[in-house]
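Per TrEMBL, these features apply:
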- 20-43: transmembrane segment (TRANSMEM)
- 22-170: domain 'CSC1/OSCA1-like N-terminal transmembrane' (DOMAIN)
- 106-126: transmembrane segment (TRANSMEM)
- 151-174: transmembrane segment (TRANSMEM)
- 196-359: domain 'CSC1/OSCA1-like cytosolic' (DOMAIN)
- 289-316: coiled coil (COILED)
- 371-653: domain 'CSC1/OSCA1-like 7TM region' (DOMAIN)
- 375-398: transmembrane segment (TRANSMEM)
- 418-441: transmembrane segment (TRANSMEM)
- 462-484: transmembrane segment (TRANSMEM)
- 533-551: transmembrane segment (TRANSMEM)
- 597-615: transmembrane segment (TRANSMEM)
- 635-656: transmembrane segment (TRANSMEM)
- 662-682: transmembrane segment (TRANSMEM)
- 868-1126: region 'Disordered' (REGION)
- 888-898: compositional bias 'Polar residues' (COMPBIAS)
- 907-926: compositional bias 'Polar residues' (COMPBIAS)
- 946-967: compositional bias 'Polar residues' (COMPBIAS)
- 974-1020: compositional bias 'Polar residues' (COMPBIAS)
- 1041-1053: compositional bias 'Low complexity' (COMPBIAS)
- 1054-1063: compositional bias 'Polar residues' (COMPBIAS)
- 1068-1086: compositional bias 'Low complexity' (COMPBIAS)
- 1102-1113: compositional bias 'Low complexity' (COMPBIAS)
């Protein structure tokens, strides 16, 4: 029987190891890949909206690196852009994917070196010495198929080395990811995000489904930190489905209109639509324009009626609770993880943009039912997928079956080269075609089974799609091959007129058939990897997008909405790419000790992928919602499963060689135990540190704290975590402006001109026409077709919209990019700001900087209210002796400092210190501030937080030890006093810090001498010794009154005097002359820290305010009072 097997089934012409088929596939894919790369190089400079959309559309001040239009100008940014800069510009999700690719490329390079360097020589030497030439070919000689005896233990030893290499590499990258994750936790984007300090509560019992009930749940668990606000979810019924139905109708209506009016000409035949029927048969034909017009009118009316009838008082079984600070939320979430207070599940809240709201209200019973149904669907899909797998298996064994199929035998005899070519190309091509739809099915099933967020949906898709690929593409595909070869062997025996007993006796050859089958399939995977390499390069060239856009533009026409959506960067499908990389890794690892060429092919594809996807993530794709690399743990777990699969197949190989009559197969078991122990180590050491922010005591003390009143005042929690359907704007039909005059010929009846407020354009008023039926169609000009970069930055911004305007600060911000949190980077200055400083407010266009209305959606704000930027001024001291600010009687010159125009009252929204990177500590001057940084503390984590003054509003500081200072004039010296004038909008923030025991006499208020519009002074003297009373800020001025009023405009005062012992200062209204009226809108934010009293800020404000942590009363005055968290 062995002769039959050796001579008939696995002869030298066997397709499974036919070198010609593998060689033809490798040659074809290599040539096509090179041509595709060259095509990309020529197309890229002329199609930047396809190949470099992130150059125009990026988040905030985070443009991608500069890229040249030269032929290979895209390569230098890939080489010189490192991980710290990438973390700032593309986010941790993208960095985690690139780091995983880096892990795979180096790991498989090392495995390929081990396998090819050690095992291939052993396999070749053994085959040359002991295997008949008729039973071997050039590929089989490189595999373990015919190796027997003690030579097999060289392969066992290599699996030990591979296992140790994987443990070492994974452990190294796990450490790096935990470090990156903590850096992300301390980044300004995360710390300033509202969701980062919010907890979500699910499965709330009926009696606790109210705001008071949520409070009771949190009070019952004795949290170390209280909540600042709570919000229970509200039922919205079918409103989300109605809105989606309406918006899809708008899209269909726009497509019909654009196609009908394409080229500015009305087509001869009006478009029609078939209602009812199927496959274009049956149903009723109707005019498409009239049908969609009536449908839109009905849906708009239905939505308005539903919104009026909806009972928002009905509560859902989920809610949210905000904490005062980000570290507080993480501490609470970690403390109550897995405890289910009152039967609820409490965890950190996801980004509101990430939530799948339709799954939030599912009960436990609904989730169990949907999961059970989803499992049945997965089994069904897996079963029906055996049909294409059977076809692929047949194509992968064409050489074996051609003797039974006459036309295949005739084809092989006439053209062996074309036969080998197609037998090598068809199987992986068909596999790729069927595999295109599987991720879509898996995503739908995972959503149906109850995924709560899009990022969790990605993790579920990776887990299920990977399992599906392993079961179907590896296990079932191998079993089909075994069954196919077994049936073939039986057919051969029947052809030899063997008896039934001989056929049954021949079953002892089955282990050898199994062993040879899965090893022989290595040649199929050698054709699979060249195809995957080509698909990677094809993804870089974006050929499908280019062809489809050109076809749709010239044949159907594109709607304004299509153009807007296609111009912005597309979303990167992490689940699909991770699954494909993991499956390639599984195939490479499984065949590493069996067929070393497979792992070499996998290493080449991983190196290609690493560079291609780095370009894609830097210049093309964006993450849908940043999750902080949460998918990392999922993919590493699957990688470890691949190692176990490798060992299991090695156990099977050794066992089948000895037919499990010997215990030598036990020598392959220890690597599995090593992997299991390593997984337990990961769960104990890395996973907790990865999931939660673990602040130090100093970080907790210095954390930015938000007040309860601030969160309640703006209903921030309800606004951010309310169902989007409650405030979502309906789509307004849009049409190209040049097509608008044709509407009078499309509709019969009166058309009125109007304006439409488009939420897609940030609420802009666009010209519109009201057609018969009451539908408003907006006219979109050619220049407004592409997505506005400002609107894109607003929509992509992670900061709360009620905290600042993302759109304006993105363009007019003088903030540096957050790269200085990850690595040193330079800051940018506001365009025109230096000219404003040099020429003063009277210069041309100066009013545009100062007087821009802050409530306009179209105009930028004056200055970003960012804590991270302005806090720099509190960290560093410019000098020990303060220099007087430049006089406003003189022209500004180029040397004028920005500090003279610093307006500290605008920082009342961010009183607490920010986190800064340790990268800048102890390294001289920071990239933003020209002053030396504070030294890092002994605590490794505390070094992120240099000591800073909190809630002190002081622009200058004079710290002279034991020096007596003479009478000093105000900042605008050499001017005599003026008689008092009414003061408007005067503001004073005072607070002297003198440790002298002498009692100081009362200082005059800011308006005691005379009034001035917008008068403010920045002063603050911190003397340790005795000093004489200083005059008021305007007491030292001289000259005539009219000159003073002209030249003292916009002067701003802010003094910060903090005395240990002083007499009370008069209030802002106490210093007026008897004939004066109190100034209107006078506001005072005083911070006098005396022996027994301090105006408190929220807990944890800082080291300068020790009284705050003793429960002292709170007193916030002026703008920002009671709302330091804004």
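The backbone N, Cα and C atoms fix where each Cβ goes, glycine too.
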Is it true that the transmembrane segment (635-656) and the transmembrane segment (151-174) have 3 or more CB pairs under 8 Å, sequence gap of 6 or more?
yes
In the domain 'CSC1/OSCA1-like N-terminal transmembrane' (22-170), how many residues does DSSP assign to helix, to strand and to coil?
114 helix, 0 strand, 35 coil
So which of 106-126, 151-174, 462-484, 533-551, 597-615 has the most C-beta pairs under 8 Å when paired with the transmembrane segment (418-441)?
462-484
Mean of the pLDDT scores, which run from 0 to 100, over the domain 'CSC1/OSCA1-like 7TM region' (371-653)
85
Are there residues at least 6 beyond the ends of the transmembrane segment (151-174) whose Cβ is under 8 Å from a Cβ of it, and what are they?
99-100, 102-103, 106-107, 110-111, 114-115, 118-119, 122, 126, 144, 589, 592-594, 636, 639-640, 643, 646-647, 650, 653-654, 657, 667-668, 670-671, 674-675, 678, 682, 686
Segment proximity, the transmembrane segment (533-551) to the transmembrane segment (597-615), 3 or more C-beta pairs under 8 Å:
yes
Sequence-distant residues near the coiled coil (289-316) by C-beta distance (under 8 Å, 6 or more away from its ends) are 204, 209-210, 232-239, 242-243, 245-246, 249-250, 252-253, 256-257, 260, 270-271, 273, 275, 360-361, 726, 730, 733, 746-747, 771-775
